[in-house]
Each structure stands twice: as C-alpha cells, then as structure tokens.
Amino acid sequence: MIPDRVFEGDEVTLKCITSCHLTGTPTFTWYKHGRNLPYIHSFDMLRLSSVSQEDAGDYRCSIQEHSYRSPAMNLDVLSGDRRRSAGVVSQPCCSVYCTISPICALKGSTVTMGCRYTYPYCYQVQRVFWSREWIIDREPSDLSLDPNYIHRCQYHRNSFYEYTLSLSDVTEHDQGFYYCTFIPMTGGNNPCQVGVELFVSELRVEIIPDRVVEGDEVTLTCKTTCSLSYMSTFTWYKQGSQLSQSSNLLHLPSVSQKDAGSYSCSVHGQYYHSPGVTLDVQYPPKSVSVSINPSGEIVEGSSVILICNSNAYPPVHSYTWYRAGSSVGTGNTFVFIRIKSEDSGDYACRAENKHGEQSSSAVSLIVLYPPKSVSVSISPSGEIVKESSVTLTCSSDANPPVHSYTWYKLNESSPVGSGQSYSFTLSSSSSGWFYCEAKNKLRKLQVEMISDRVVEGDKVTLTCRTTCRLSDTPKFNWYKQGHQLTLFYSFDRLVLQPVSQRDAGSYSCSINGQGYQSPEVTLDVQYPPKSVSVSISPYDEIVEGSSVTLNCSSDANPPIHSYIWYKDGSSVETGDTFIIIKVRSEDSGDYTCKAENKHGQQSSTAMSLNVLYPPKNISVSISPSDEIVKGSSVNLTCSSDANPPVHNYTWYKVDEISPVGSGQSYSFTLSSSSSGWFYCEAQNKLGTVVNQDDVQYASIQHRTAGKSVIQALSSETAEEVQYATVQHRCDRAVKQTQEADDLYANVRLKHSATAYRLEKLRVGRFFDHISINKTSL
C-alpha cells in the first residue's frame, strides 16, 4: 500500500504481489471485508483516489481460478503506519515478498520457506529474520531464539536479497503463518514483514471399496490433507515390505486372498510413513478337510473327534457332517464319546459362509474291536451216527480278523483243539458241550465288581481285567462318566470305601498309552431317604375355603414306597401329596411327612399351615351381670374368633342403620330410651362375619309393670315397678314386641323398706341368660 500513512483526500495504491512466475495475463480479484469489488478492479494494482472514511477496511487479493487469498491488509484512513503480510506489502521504501505461498509440507519432513526483499540506497539493513508474530509497532520475536524451534530452524542467505528459513521435523503444531521480517536502520525501525502460510499434512491410505470380495477391483490411494508444494514420488509398502509402485494410486485389478494385509505409503525421500490400513479380502471356504483325533488306531470304546478344517473369510458359520452321503451332524467337530464298530465309515464335512460353500473329500474311519458275536456250527447238520466224523466251525466278527481259535469242552480246563474248525470221531466219550474262544491282536479290557448294587457305606472294589498277559507293569487309568479320575495311584483296582451317593455312575478303565477303553459298567449306590421336606401350594396366604396341596419331596434310592402325613404329631393321611379341597380354620397346624424305602426312613421338619378366616363365633357379654339399676352404667363387650385378629368393632342397635358405637366395648347409661336389641360387627382384613348365625344379640329393656299384676301378687298398696330386661339372642331377625318380651316362668315379689323388688326368669328358645331387676321410682 502506498503511501503507508493515509489521510482523507489522499490517493492510495494497493499492489497484489506473488512470488510465482505467472504465465499469460492473469486476472486479479480484490475483496473488501470479504466481498468482491467490481470487475473493473481486475489488475494487480487497486487505485483509490481521494479516499474517505468509507474506503477504510480490510482488503485482500487473489488470482482468478485460484482459491488462495492474501492475508488482509487494513486501510486506516485516520491512523498512520499500517503494515500487513502475505503478498500485499506495506512500505514506501522497501519491498518484501515470499517465494512460495502457501506451503504444504509432510509431517516429519524438512520445509524451506524463502523471501526476497529490496530497499533503496538510502536504507541500511539492520537485520533480517523469521518470526511467528505479526507486529506493527515493535520488533517481533526471532524464531531462531524460540525454545520450540531453536534446534529445528536454520536461516540461509542465498543472495544479498534472498533469505530462507529451513524448518525440520514439522508437526501439526507448526502450522500457521511465518513472517519474513526486514528491519531497516531508518524509518523508525518499524519492521517490513511478509507472511507465508505453512500447512502440515499426514499421509493416510484410503481403500475403495471398503468391503472387498475375492475377484473385486480395488484402488488404494495415498492421501494428504493439502496439496504438496512439490512433485512427489510415492512408495507403497505391504506388511512393511516395499512395493514397486511409485504413484499415489495402487491399483489391484482382481484381488485374491494373497493380497490381504496391511498397506502403508510414504513420499520418496521422506522418513514419515502413513499408518497401516488393513485390506480384508473376503472369500468363500477353501481347503476344506477332515482330520481324526487320535490319528492312530481307533479302538471300540475310545473317544474320537472328527475336526472340519477350512480357510474362509468371514469365518465359516455352518458346518454339516455326512456319512456315506447322509447328514449325521453339525458343528466344526463331530464327537464320539464311546465309539462303536457300527460307527465305521466314510465321513465328509461341508463348510459354508456368506460367500459360498465347499465340501471336503471323504476320510475313512476304521474302528478296531475284539472278537464278538462268536458262534459255532456243526457238520453234518442232520443226524450224526456213532463213529462218524463231526466238524465244528467257529465264526466271529472282529477287526482286525481273528488270528487264533481255541476249542474247549465244557467243564474241562485244557483245550481240546485249535483252529477255526475242529473235527473228531463221534463216540460216547467225545459227546458233550463244546465252545470256541476267538482272539485277535487287540487286548480286551473289562471292569469287574462284586455287585453292581450296593448300599451307601459299603466297601466297593472295581477291578480292571484284561484277557491278555501283560509283559510289563502297566499303569491303569480310571474314568467316571467318561471323565478321567485324578488319583494318587494307577493300579488295576479302584476302591471306594465307604461308598456314597456321589460315587454312583458309569466306570471304565484303560491302560496308559493305549487308545482302547473298556466298556462302561454302572455302579448303583442305594441309600435311605434324605432331604425330606414339605412344601405348601399356594405358598402365600391361605384363606379358609380355598384348596391347599401339601407335597412331600425326598431323595432316595430305591424310590420311596411309603409316605405318611402327620398333623401336630397325629397321623392324618398317606401318599406324597396331601390335598385339602376346602381348607378350614381347624386345619391350621404343624404338618410333617415321613418317607420310607427298604433301607430306612426319615421325617421332614414341621411346616406350619396358617389358615386365614374372617370373624366368626361373635359373642356379647354384659357388665354388670347381676342387677342393673336405672341410671347405672351398662358395658357391652364383643368377642370374636378371627385370623388375622379383628382390627375393627362396630356396635349397632336393631332396626337402626347408623352405628351407636365402636371399639371392642360399648358403654352407656341405662334409661327408657336406651333399651333395645344390640349387636356388634367385627372386621379383619378379610372382611366381616360371613355367617349371620354366628352373631349374638343382647337385649336391654326398661319397662313399667302393670298394676293388675302387682295387685295379684301383694295385698299391699300397689306401686309402679320398673325393671330392666337383659337378654342374649342369636337371631338377627328378632323383632321387638311387647308379647315376646313378657314371657315369665316364675314371678316373685319381695318387699323392702323402700321398694319392691321383682325378680323373674325369662325363658325362650334363643335366650341364654336373663337377669331382671326391679326398682321403685
């Protein structure tokens, strides 16, 4: 910008300078506050005549068809010196510009930034250096003195007017502007600065497409986050080994499994490598095969595993096993816990993933077994005449075939012949029962025990026997349920003393180093009942009238043959279940069951059955129970049977809707108006009384006796006699009438100094107690 001090009315020229050699006639674009200025301003110089306050602001420039813009230059119309950077210079006496701007450098590389400056003869150069600071009114800091750069930056003067910065091992933190700073001796020592922007990029490998199947076309691209400022040759690596490709593109026209691996790239001459990116090449199953474990001879009774091997990506999700063409199992392994001769055959497996399937070739599984199904045939088959020749032939199924036949006569210890056939002349002495013994090269093992059914606590010895004479001192292995036992010895006998329930199961043996395992024998350990217990269903609250089931469970061998139920110590039922169809409150109590088999018996602990029921058997008591005088207090008390207990009592007077009191007791003063039938209502959480026959009523009556009655009983002057009648009644539907209340069984009149006392006994069908008192008024 010329001049550097601008006042209103001045003419100002802004020049856009580039360090590159431009071909042709480039078109420049000018911006003010980020907005394009009119097209007429399309040259490298922008002239503003007679500037005003409206012309003040930030100015930038760019070359058309290039995205990079210069840093902003601020035009301050009122202030003095203003200097800015990035290609737009701001001094009348010196000129500074950068050779390249911006610069894209690779992480870890060494980058060189250069600037060229000129100044008139009237100036003297004080010094030139590089800085990260853009300072207007003072000298910025020298980059070579910064602790973060002191060991990584170097200054070079290529000529009298060129000054370069060499910065090594650049990182992301080095990104930003670097200012070539020129300090003249005159001009107030204010610096002339121009900036170059540095971008630091990492390398990364991009794979397209991201999911690759064998046979696809794949392109790997070595990418940077900015365009490198120099022509670059790329180097590709697979698994750390260099490939011959030199472009930033690595093209694989038809990928295969061998192309899978980790790929990285670098720029030739630079130490930095991109992080490795894995190329996963997916493919259907290949090289499907079957292996047999153990790999040697397979003897009947031993454990055998067939394994399906394959090479596939993604991994195989489905394995199917075939025997002679028929499907027999799934999974990558096919296990025979105890292989049989019938399992011999040709086996193959098929492996499948989402890209396809492949089947293995068949492998033969040959199971070796000792002779079995031994039979004898006689020739001739019809009638045999004395002195004629008889031939016995022995047949057997064995693998490998039988190599030795021996003939025996029953009840004779020495053999009578050998070979598959045995011939002799029939005579009286030669008649009898004959049998043959067939042998092949396999040793035959078997487990023997005295009894296969023992009682807990007995001593049991299992012996591993072989039909062959062993030339050395072998070590024996013992197995239970197919799993080898860990023992401190390796003898042919396994002693269990005392035997317990947990010892029951299948046992077999083998000779160490031999594949053959003996057939299993089952040890059945019997014991009396254990863990006898009672359970109640339902297990939560049990309400009167519901159905309840009590179950007796136990552990026993042989099974329980007798169950007996007890309630509070008394026998009530038999069988493993005890069902109460409609449970009553009387059924509450402690229940136990006794289980018994032939070896003993055991009783369970008691289980409490708690039956819940609403209030019943409601009764009312009256206090005082003898004479009640007018004006005295009467107390009615309500009693009830309920589970859970009653939590609410309410008192009612017959023929009145509203209650007259609450609580277990109800008290009032005796008067004419208070007479009548009273009853109470009891309530717990299950409700109120269900059967109204359980409700008892109390009657309290206050009456005046007629004169005719008094005169008939006494010759004295008749007085009006008042009396109170207290009755109990169990009939809720009772109706108070004059006639019902005046039934007398006996009337006695007594004279006292102040009054007559009339005592009478009330009788009736529903009354349980009556007390009548008379007091003169």
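Please read every residue number as a count from 1 along the shown chain.
From the backbone N, Cα and C atoms, a Cβ is placed for every residue, glycine too.
TrEMBL labels come from automatic prediction, so no person has curated them.
Marked as domain 'Ig-like' by TrEMBL: 1-76 (among others).
Per-residue confidence over the domain 'Ig-like' (92-181) averages 81 (mean pLDDT, predicted model). Under the heading domain 'Ig-like', TrEMBL lists 92-181 (among others).
Annotation comment: TrEMBL describes 191-278 (among others) as domain 'Ig-like'.
For the domain 'Ig-like' (285-364), DSSP puts the residue distribution at 3 helix, 51 strand, 26 coil. Sequence annotations record features per position, and here TrEMBL assigns domain 'Ig-like' to 285-364 (among others).
Among the features that TrEMBL reports, domain 'Ig-like' is placed at 371-440 (among others).
Taken from TrEMBL, the feature domain 'Ig-like' applies to 443-522 (among others).
Summarising the annotation, TrEMBL assigns domain 'Ig-like' to 529-608 (among others).
For the domain 'Ig-like' (615-696), the DSSP-based tally of helix, strand and coil residues reads 3 helix, 44 strand, 35 coil. Here TrEMBL flags 615-696 (among others) as domain 'Ig-like'.
When each of the listed stretches 191-278, 371-440, 443-522, 615-696 is scored by C-beta pairs under 8 angstroms to the domain 'Ig-like' (285-364), 443-522 comes out highest. Secondary structure of the domain 'Ig-like' (529-608) per DSSP (helix as H, G, I; strand as E, B; remaining residues coil): 3 helix, 51 strand, 26 coil.
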